[in-house]
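Asker: Structure provided below as structure tokens; questions to follow.
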Amino acid sequence: MSLQMVTVSNNIALIQPGFSLMNFDGQVFFFGQKGWPKRSCPTGVFHLEVNRNHIKLKPTIFSKDSCYLPPLRYPATCTFKGSSESEKHQYIIHGGKTPNNELSDKIYVMSVVSKNNKKVTFRCTEKDLVGDVPEARYGHSINVVYSRGKSMGVLFGGRSYMPSTHRTTEKWNSVADCLPHVFLVDFEFGCATSYILPELQDGLSFHVSIAKNDTIYILGGHSLANNIRPANLYRIRVDLPLGSPAVNCTVLPGGISVSSAILTQTNNDEFVIVGGYQLENQKRMICNIISLEENKIEIRGMETPDWTPDIKHSKIWFGSNMGNGTVFLGIPGDNKQVVSEAFYFYTLKCAEDDMNEEQTTFTNSQTSTEDPGDSTPFEDSEEFCFSAEANSFDGDDEFDTYNEDDEEDESETGYWITCCPTCDVDINTWVPFYSTELNKPAMIYCSHGDGHWVHAQCMDLAERTLIHLSAGSNKYYCNEHVEIARALHTPQRVLPLKKPPMKSLHKKGSGKILTPAKKSFLRRLFD
């Protein structure tokens, strides 16, 4: 095992805990970041290119028929081998946290449409489910089993928000263990079926899962209700005859106590467990080799990598499997230094690059990491844009033009801000106010001073007015600054009052003539 520190030359701020890595034919792609550049990244999925211990994040593109894919953090991912050549290697993505700190219950399938000069075009499709649809969750696992010429997805574990009847404003982000149900998902017909197995008594999150043929092994995990990491080892076997599927579970001895570990495959029947936690803030510094032979599983210790002092002393770490026996790790930066990065990154190589594609398609494992703070709101991010043409990124160096200084400060211009003294838009209670809103409040830019963003709802704008202002280029001033803005305007020219002619001073129909004294009084009044 070799540990090597790597530097991220661009977009380093995007790499946050909870990301996922996907390996397509040896190319690694990064997904699930905090945000992404508005101009140089139309999709939010990056090609993670490693060259001489330097990493570059290069944006990728999606086909026009792709669906919207939010930047999910802590989702469950796995590989899936379809029947056709175009579906030879796909990734299944389920659940995860959205930028608005809500949980997703959707299933997405990512596949490669084309490759051209090392530029990959993806297609993302959403799978609609019927039947026993799994609730929204994160920190769980999804795997694919193959039996009798058929395939089926198996979903287990994770955490979810408390039921709506128990959620209060103060405890809006409180989570609980999902019920220990096993879900079988038919990706072809979109059917989901829930199974209750007596051997599975507790809901587990951030466990390790390994799938081979018709069998899945569940190791470790964290029980939030009991705050323990039991040394679990379960074997779930799925039989797919012509009729109803048969699912059974067996409790095996020799499990390990670990959560949030990263699993990487080193050869056909061998895996390595790296990282994770054995207690709340105590990292698990040892590694294990897992061997699968026939219907047996063996877990044994292995030589510990030469961890650096920074890794040893850090309280948390996170990462994901890069494929081909390599793990990508991150630790917090040292705040004591004058100039310090938010995170430092390493690659841990557990095996030589002698694996082929067939060795990586039938095994799947959960690669998410422990959530450092369940109640911490996530920063908002821009949505994916699939309108970009494939040839709009043909420039040789166009992908490397991103400058982090171009990004807006989300702490000031994010959607979840206090835009005025009377602002009542709350991330925990906000619901769409305008018909044009989908998953974030409508905002409008006030041009006073250096400019700032305000919520259209707080400004009490009618929807027709909001659309008109958004479509035009006229300056807008919020309620606080509209009077100041008016004072800056050049006063309009006021025409002098015209003196009424003297003959109009004669009252019609009265038959009376004004006396000279009254005429003099009226002249002074109008002058």
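Cβ coordinates come from backbone N, Cα and C, glycine included.
So TrEMBL lists the following for this protein:
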| type | residues | note |
| --- | --- | --- |
| BINDING | CYS419, CYS423, HIS455, CYS458 | Zn(2+) 1 binding site |
| BINDING | CYS446, HIS452, CYS478, HIS481 | Zn(2+) 2 binding site |
| COMPBIAS | 358-370 | compositional bias 'Polar residues' |
| DOMAIN | 414-491 | domain 'Recombination activating protein 2 PHD' |
| REGION | 357-380 | region 'Disordered' |
Asker: Over the domain 'Recombination activating protein 2 PHD' (414-491), what is the model's average pLDDT?
Answerer: 77
Asker: Counting all other Cβ atoms within 10 Å across every protein chain shown, which of the binding-site residues HIS452, HIS455, HIS481 scores highest?
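Answerer: The residue with the most neighbouring Cβ atoms within 10 Å is HIS455.
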Asker: Please report how many Å separate the Cα atom of CYS423 (Zn(2+) 1 binding site) from that of HIS481 (Zn(2+) 2 binding site), as a whole number.
Answerer: 15
Asker: What are the other residues, in sequence order, whose C-beta lies within 8 angstroms of the center of the C-beta atoms of CYS446, HIS452, CYS478, HIS481 at the Zn(2+) 2 site?
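Answerer: After dropping the recorded site residues, what remains is TYR445, SER447, HIS448, GLY451, VAL454, TYR476, TYR477, GLU480.
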Asker: Using DSSP, what's the helix, strand and coil tally for the domain 'Recombination activating protein 2 PHD' (414-491)?
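Answerer: Taking each residue of the domain 'Recombination activating protein 2 PHD' (414-491) in turn, the totals are 16 helix, 8 strand, 54 coil.
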Asker: Validating a neighbour-count step here. Other CB atoms within 10 A of the CB of CYS423 (Zn(2+) 1 binding site): how many?
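Answerer: So the Cβ neighbour count for CYS423 (Zn(2+) 1 binding site) comes to 14.
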Asker: Within 10 Å of the Cβ of CYS419 (Zn(2+) 1 binding site), how many other Cβ atoms can you find? Include all protein chains, please.
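Answerer: Step by step: centre on the Cβ of CYS419 (Zn(2+) 1 binding site), count other Cβ atoms within 10 Å, giving 23.
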Asker: Work out how many Å separate CYS419 (Zn(2+) 1 binding site) and HIS452 (Zn(2+) 2 binding site) at their Cα atoms, rounded off.
Answerer: 8
Asker: What are the non-local neighbours of CYS458 (Zn(2+) 1 binding site), defined as same-chain residues 6+ apart in sequence with CB under 8 A from its CB?
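Answerer: CYS419, CYS420, THR422, CYS423, ASP424, VAL425 - these are the non-local Cβ neighbours of CYS458 (Zn(2+) 1 binding site), listed in sequence order.
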Asker: Centre the Cβ atoms of CYS419, CYS423, HIS455, CYS458, go out 8 Å, and tell me which other residues of that chain have a Cβ in range of the Zn(2+) 1 site.
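Answerer: Leaving out the recorded residues gives ILE417, THR418, CYS420, THR422, ASP424, VAL425, PRO441, VAL454, GLN457, MET459.
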Asker: Can you tell me the CA-to-CA distance separating HIS455 (Zn(2+) 1 binding site) and CYS446 (Zn(2+) 2 binding site), as a whole number of Å?
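Answerer: For HIS455 (Zn(2+) 1 binding site) versus CYS446 (Zn(2+) 2 binding site), the Cα atoms are 10 Å apart.
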